[in-house]
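Reading through the structure tokens given below for one structure.
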Amino acid sequence: MPAIPLPFIVSGCLLLVLVRMLRTRQSQPLFLMFVAGCAVQTALVGLRWSVDLGALRILQPVLAACLPPLAWAAFSSLRGEKAAWWHMLWPLVLILAWFLRPAAIDPLLIVEFLLYGFWILRLRLPDDVLAQVRIGDEWAVSQARHGVAGLLVLSACVDAAVWSVVSEGGSGGAAPVVAAMMSVMLIGLSGALLMRTADTVPQEHYQAAQIKEPVVFPDPKEAQAILASVEAALAKGLYRDPDLTLQRLARRTGLTARKISQAVNQARGCSVSDLVNGYRVREAMRLLKESDQTVTQVMLDAGFQTKSNFNRAFRAFAGQTPTVYRRSESG
């Protein structure tokens, strides 16, 4: 039975990710382009392992140079901004380097990956992005951004280490293979992380991202009134909606998302996510104590969508896991 090279396996997984994103019909085109680029890049690495074609030797670094600007453009689109045209000069620089100074290709890629890694890491996402995210999933956008940035920097460090070994006459045979394997894995992880962001922020956000709400700081009485309206809506069971977002909560209360966020923070000293999770956890505690439902069913009935969010929120509020809580209450 012939062995399938790792790059083709990773490329196939990324294609499945791409199909999943296309089926949801919510992902922004730049996220789709990045994942597609990652899939093609890993396939090119696999082809380089199998055949030695001159076209692949130039195509692989040029496509690699397209990935960091695509990641930057995808995250910039969350801010309602378009990436500047000069970001796509990197592939042209790589093509020129191939003809004029091939030895400069690796250092240029290393510098590019480092720069974009740090730029994405420093990118600040506005509040209206988080207003469109499911309550409890806000951390996913931040984690994906930090993850992609970290993987770009790590990829640059791996390439730099291998390049230094090869340039000094070290084990030139093994080092490129190690670099290729690391790059394939890092590119695959980057694609998966960007998919997580694309799934978390719905498509309608991108059409409305240019609309900015004025910054308004409510006085204490107004903050309390806003908080009362929010809690009245939550008390009616709105927190049980697993797809509840800050924007949806704002529509139900007739307020703006930013006012709600500021009022909750001012009056309660916590985030809207913490406030909603408090209602969900209290409901989960009641169900765990009074019903025979499974922990998973309790999680879903309380409004949580994933076990990771449920366990994290429950532990933060109750100081123990749902299973331990049920055992302690029944004993």
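The backbone N, Cα and C atoms fix where each Cβ goes, glycine too.
Annotation source TrEMBL lists transmembrane segment at 6-23 (among others).
Here TrEMBL flags 30-49 (among others) as transmembrane segment.
The transmembrane segment feature in TrEMBL is assigned to 55-75 (among others).
Sequence-distant contacts of the transmembrane segment (84-101), counting only residues of its own chain at least 6 positions beyond either end whose CB sits under 8 Å from a CB of the stretch, comprise 58, 61-63, 65-66, 68-69, 72-73, 108-109, 112. Look at TrEMBL and you will find 84-101 (among others) tagged as transmembrane segment.
TrEMBL lists 172-195 (among others) with the feature transmembrane segment.
Across the residues of the domain 'HTH araC/xylS-type' (224-328), the predicted structure has a mean pLDDT of 89. Positions annotated as domain 'HTH araC/xylS-type' by TrEMBL: 224-328.
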